[in-house]
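Going by Swiss-Prot, these are the annotated features:
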DOMAIN    94-215  domain 'DOD-type homing endonuclease'
DOMAIN    391-608  domain 'tr-type G'
BINDING   D464, T465, P466, G467, H468, N518, K519, I520, D521  GTP binding site
Amino acid sequence: MKKIRQPIIAVLGHVDHGKCLLPEEKVVLPEIGLVTLRELFELANEVVVKDEEKEVRKLGKMLTGVDERGNVKLLNALYVWRVAHKGEMIRVKVNGWYSVTVTPEHPFLTNRGWVKAGELKEGDYIAIPRRVYGNEDLMKFSKIAKELGIKGDEKEFYLAGASLDIPIKVLFLAPSKLVSAFLRGYFDAKGVVRENYIEVPLFEDLPLLLLRFGIVSRIEKSTLKISGKRNLELFRKHVGFTDSEKAKALDELISKAKESERYPILEELRRLGLLFGFTRNELRIEENPTYEVLMEILERIERGSPNLAEKIAVLEGRIKEENYLRILEEEGLIENGKLTELGKELLEVWRNREFDSKDVDYVRNIVENLVFLPVEKVERIEYEGYVYDVTTETHNFVANGILVHNTTLLDRIRKTNVAAKEAGGITQHIGATEVPIDVVKEIAGPLIKLWKAEIKLPGLLFIDTPGHEAFTSLRARGGSLADLAVLVVDINEGFQPQTIESIEILRRYKTPFVVAANKIDRIKGWVIQEDEPFLLNSKRQDQRAIQELETKLWELIGKFYEFGFQANRFDRVQNFTRELAIVPISAKYGIGIAELLVLIAGLSQKYLEERLKIEVEGPARGTILEVREEPGLGHTIDVIIYEGTLHKDDTIVVGGKDKAIVTKVRALLKPKPLDEIRDPRFRFDYVDEVTAAAGVKIAAPGLEEALAGSPVIAAPTPEAVEKAKEEIMRQIQSVVISTDKMGVIIKADTLGSLEALSKELQEKGIPIRKADVGNISKTDVMEALSVREEDPKYGVIIGFNVKVNEDAQEIAKAKGVPIFVGNIIYKLIEDYEAWVKEEEEKKKRELLAKVTFPGVIRLYPDERYVFRRSNPAIVGIEVIEGRIKPGVTLIKQNGQKVGTIKSIKSRDEFLQEAKKGQAVAVAIEGAIVGRHIHPGETLYVDISRDDAITLLKYLRDVLEDSDIKALKIIAQIKAKEDPFWRAI
């Protein structure tokens with residue numbers, strides 16, 4: 001039986017850079033030290049994009065941020081941005097800490113999730129990292145110290161601390177042991193141990209300097225204070241006092257200190273406790289527990305509830321225990337004697353033991369790595385000028401000692417905020433969201449009536465690819481998994497590198513798409529009415545706002561034309577098969593979302609009907625979006641099923657790194673409608689079957705080696721299993737390659753990304769030796785090293801959306817193996833090609849400096865042009881063919897050497913080269929006119945075999961016709977003695 005499935009819609013967009021900071025905000029980079037964002041931008045030389053409003057530069061340096069597990073660590077900062085801004089900025093002052101000024105959209109990690117600066121309130125708590133990373137390379141610092149005339153020893157740094165006689169910026173480039181000596185000197189000289197804290201006069205960057213040791217201090221006007229058990233112990237361990245009285249006072253202070261920082265994360269602890277079977281009464285958590293209390297609570301939660309079995313029995317109705325019934329009712333699990341939705345979900349979690357230490361570890365990491373301080377003041381200011389931003393691999397970084405984040409269209413459709421739901425909110429993977437047709441009708445109802453549209457689809461399945469790189473993972477039988485795509489473009493910023501990359505990928509996969517021109521709300525004077533269709537909202541605007549919108553739309557239309565697309569505003573499109581439809585929207589306020597949904601549904605229905613017809617009962621086929629470990633389930637795969645029906649207990653064949661994996665579905669977990677497949681806990685329904693098109697999490701044994709981007713095929717019979725294995729291995733082997741031929745080594749995060757990178761390289765004629773999925777390893781570097789010995793231009797590694805393992809980084813640096821990593825394919829290849837060109841030019845310059853060019857000269861027959869007969873002989877000559885340079889040896893017609901050209905002169909000027917047709921005077925060392933050389937005689941430049949090979953093999957493009965003639969003439973002379981020259 002065939003039916004129409006819901007279309008799969010991929011949402012692509014460029015990195016959002018409406019979230020920026022003032023130019024004077026500071027960041028710490030181990031390689032550079034403490035710099036302002038403006039200084040960082042100026043240090044980055046390679047321009048990626050530049051226009052009137054913005055400039056993007058490639059950075060590629062390490063910067064402190066927070067990873068997806070909640071750990072403070074060094075992250076790769078890919079780009080630094082500068083954007084023109086006119087309007088409101090938000091200055092956030094943190095109590096006892098620094099302030100930072102950002103655009104209103106810039107989010108902060110708070111005790112209530114990621115919150116935009118414009119929505120922050122006094123009393124909110126925002127995250128401060130417990131440490132920042134500086135330089136630990138002593139050899140590197142020694143060079144810097146030498147340039148600055150500083151001795152790089154602890155004694156000098158201790159004395160500098162006592163007198164503050166050193167540039168403070170140097171301290172962020174100095175290794176920890178020297179910084180420790182500096183701080184010890186400063187605290188010995190100026191520090192006072194009070195009853196509850198250490199106190200010292202404040203200098204500007206002292207709190208950031210202390211963060212290098214995990215010490216969080218407090219700023220009070222012109223004083224800095226260190227208090228709390230954890231901070232005091234870290235101070236004693238890493239800094240301490242040389243002064244014995246102060247050291248003793250510190251020991252006493254620590255012995256009395258019982259508490260460290262307090263953490264306002266009550267709701268997160270309650271959620272975690274409930275997951276492990278604890279009610280709030282059992283845990284009895286105070287409002288803001290201290291670090292010490294929190295650690296005890298987490299240990300208790302990790303051990304699990306001792307009476308979980310009784311609670312399960314109560315929820316299942318097997319026992320009736322009044323006390324438990326009352327408590328579970330208070331927790332919202334039971335209402336009017338029946339299980340609530342939360343109760344049903346939690347019962348499944350408890351029954352299946354879907355929790356383990358990893359859930360606790362995330363919160364523990366947050367507590368170990370971050371401190372939450374209260375917002376003292378939120379101030380709105382007007383600003384005109386450039387604002388700056390940095391793109392890191394997890395889209396967050398530390399500025400002014402505060403964690404800031406860059407983070408959307410699907411959120412508006414879902415009417416949820418995924419980032420706020422995630423405790424860390426720092427993931428950038430593909431997610432899938434099912435939007436039922438009822439929701440589409442609810443959002444776009446008035447428009448559907450107005451347009452007399454009828455939507456027959458069961459719904460829309462959106463796949464959120466936060467970057468174009470994720471789209472390449474959406475593979476289905478060599479094409480794209482997506483039926484349709486939405487390309488999100490900031491109408492104010494226009495095309496970005498990611499936009500261009502996305503267009504190229506959509507073109508390559510032949511995926512039809514519509515354009516969402518986002519952020520119309522930022523057009524000056526735009527009147528906002530939330531969730532209003534664009535066509536109605538546009539009627540509220542004055543002529544100036546409409547004119548600005550039209551100008552920006554025409555700029556976009558012009559850009560699309562450059563890429564070979566006819567485009568127009570959606571309501572002006574005459575033929576949707578020939579023109580791109582652009583829908584002006586505001587994802588933030590929901591304006592235009594109605595038109596976008598109706599357009600997607602209408603186009604899918606009209607033009608993709610045949611593609612959407614599927615055999616419902618047939619075996620399922622799908623594509624892996626992500627492989628991840630889930631508490632209680634082990635390794636799972638997030639899959640988009642695009643054909644057939646998948647059942648619990650079905651045998652499936654999955655693409656693995658080295659082989660096809662055959663396993664049995666143990667559980668199918670389906671996100672609720674409008675929920676996203678990577679949402680946190682309480683999101684999944686356990687189902688017995690799932691029919692295309694749908695996003696589903698599959699739990700099954702042996703999925704550790706499953707490859708993101710590879711196929712999933714249900715195989716009901718042994719014959720079908722073998723057939724599926726063959727098909728999957730064919731697909732993988734067509735992408736993952738390992739050969740002995742000359743070529744570059746490429747790595748990518750998924751099979752689809754690898755395929756896209758391979759295709760681009762092949763189209764450019766760049767050979768590939770090895771293509772594989774995964775991070776760049778030591779083995780990859782060693783292989784590139786062996787290639788380099790044969791052909792240096794291919795002895796490189798190109799990595800797309802992957803990391804470089806530490807040991808690989810060290811060897812590559814030591815051996816000089818170039819590694820190119822990034823998340824824009826065309827930019828990666830451009831970087832590689834630019835490097836090859838630079839290396840070739842460098843090699844050419846080296847060869848040109850060494851090689852001898854061929855030349856033929858004739859001495860003037862007139863004795864008047866003999867200016868000196870010997871020591872050296874100076875004569876007037878004409879260059880007949882080729883060229884001559886000082887240092888070349890001259891030979892006669894019979895091959896006899898006559899001397900070396902010492903210098904070349906034209907009138908009063910000495911020349912480094914003379915070419916065909918030039919008349920010059922040459923000084924010939926070792927020749928006597930009348931004995932060795934004679935007026936009117938022809939002489940030839942003596943070149944070696946190696947010179948001839950170098951010229952013809954490596955420098956052919958710089959040889960002029962005259963050089964080649966000279967080479968042939970000289971070859972004829974030399975061929976009398978050496979047959980090698982006959983071939984020239």
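Here the Cβ of each residue, glycine as well, is placed from N, Cα and C on the backbone.
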Packing count at D521 (GTP binding site) (other Cβ atoms within 10 Å of its Cβ): 18
CB contacts for D464 (GTP binding site) [other CB atoms within 10 A, all chains]: 25
Other CB atoms within 10 A, centred on K519 (GTP binding site): 24
Helix, strand and coil totals (DSSP H, G, I; E, B; other) for the domain 'DOD-type homing endonuclease' (94-215): 52 helix, 25 strand, 45 coil
PLDDT averaged over the residues of the domain 'tr-type G' (391-608): 79
